[in-house]
């Protein structure tokens, strides 16, 4: 069924708490309650001059995908697997996972061209109980959709560029807070300049990756300042000993999560479809270009690393793997010393893209009254931008930056950032399979995803969701916390979404004696209008009976 018309399906009840009239194609005309100005009415209209075209959408995806991951995670991934061949295979498998996920999201996004991403897709599939899936997604995206990882990486690499040998601690966190604050203020007050900076940094970071790729080709040809590491002589050999994991299925699962973290962001344009020019056409062109391009660059960048860095050095290089690569190829040159500054710029580009998209998702959730104080978080005042939702994203990011100690606890947060998404993605992929097989759903989309692609996507995400619970062969606390800590906490956050749903739809309305209704539509100018109203329970029951 094309579009989000869940309320028109037989047996789909209207939830007492929220009335979403936009799903029924409602239009608010002058003089109607929703079109009047005053308390409780919010209008949303994105000027055409601010809408994003194909180029902007490509860089919105690129900037979220290319952050610090490709410059740092290859070390921990290789250390976990101990094999050049398996390591490259994981990067290729993550590329397949990403491309299969892209196809699934294109099917949904082109059929439901609204901002919000997975929120809309889960609502379309899981309609009973209504808003349960939305509540679970809301808790996950708000609590875990932070920009802390790349903000902190920005702080660390700025200190590295300044000559600090141990760029950790409160100095890096202070710079990280300044980074995310700058981004939040820029997107809130000067959104066009925020997008221009995003595009410029996207071009820059692609250029940095191309330098690494071509330098890798030169290293394969013998142009390097270190002896040939012979990493490709026996690529499937598994190294053991100091610096290597050997954790069995658990090690491969966590390594895969690290790879997925590096690829994360391919769905970014789906979150802001409401702000794309001709959203169906723009998404269908921009998303494949960005994802295929990044996948190729990632695999070739890893080949470059193995061409110039000995295995032992790579396994222990931690977050400075790209710096070690430049040193081995270019020496202690200006290019090698400037790499931390290059990576820092890549990080802030990621923060720009993540903050822009997640603020829009937060606003979509607030528009339906799902968040406490929804009218505030949904507001576009005073700059006609989602500045309040940007503030919510900023608050969560700063808390994550300040709360945990450095080291293992922060690595725990990186895994936690990625893990619950595997469950969400599996349900989205399974939902598409259901819609395609269930004829009564009348599902159609301009983009067709073969069922086998959806099945691959579901299975790969199921692997990521289940295997972290398998005990590793090494010590259970090798990372400074029990191996089951981050998957258990991740599941706990998803379950908390169910608890929040029960509070929001059942307990709070009964205690307050009223329900909050949200009427959504568009006025004659085409601007989206949302009106919040408190309705006594008796009045709401009487209106349903009539």
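Using N, Cα and C of the backbone, Cβ positions are placed for all residues, glycine too.
Automatic prediction, not curation, is the source of TrEMBL annotations.
According to TrEMBL, the protein carries these features:
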- 52-71: transmembrane segment (TRANSMEM)
- 77-110: transmembrane segment (TRANSMEM)
- 131-150: transmembrane segment (TRANSMEM)
- 170-190: transmembrane segment (TRANSMEM)
- 202-223: transmembrane segment (TRANSMEM)
- 243-263: transmembrane segment (TRANSMEM)
- 283-308: transmembrane segment (TRANSMEM)
- 339-357: transmembrane segment (TRANSMEM)
- 391-410: transmembrane segment (TRANSMEM)
- 416-435: transmembrane segment (TRANSMEM)
- 447-471: transmembrane segment (TRANSMEM)
- 483-503: transmembrane segment (TRANSMEM)
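Here the transmembrane segment (202-223) does not lie next to the transmembrane segment (170-190) in space: the count of CB pairs under 8 Å, restricted to residues six or more apart, is fewer than 3.
Using a Cβ-Cβ cut-off under 8 Å and counting only residues 6 or more beyond its ends in the same chain, the transmembrane segment (283-308) has close neighbours at 54-55, 57-59, 61-62, 65-66, 70, 74, 84, 87-88, 91-92, 95, 98-99, 102, 105-106, 109-110, 113, 206, 209-210, 212-213, 215-217, 219-220, 224, 226, 229, 231-232, 262-263, 266, 269-270, 273, 276, 314, 321-322, 325, 328-329, 446-447. Per-stretch counts of Cβ pairs under 8 Å to the transmembrane segment (483-503) identify 131-150 as the leading one among 131-150, 170-190, 447-471. A Cβ distance under 8 Å defines the sequence-distant neighbours of the transmembrane segment (52-71), meaning residues of its chain 6+ beyond its ends; these are 149-150, 153, 157, 195, 198-199, 201-203, 205-206, 209, 258, 261-266, 268-269, 272, 275-277, 282-283, 285-287, 289-291, 293-294, 297-298, 301, 319, 321-322, 343, 346-347, 349-350, 352-354, 356-357.
Sequence-distant neighbours of the transmembrane segment (77-110) (same chain, 6+ residues past either end, Cβ-Cβ under 8 Å): 117, 120-121, 124, 231-232, 235-240, 243-247, 251-252, 254-256, 258-260, 262-263, 266-267, 269-270, 273, 279-280, 283-284, 287-288, 291-292, 295, 298-299, 302-303, 306, 311, 314-316, 425, 428-429, 432, 445-449, 453-454, 456-457, 460-461.
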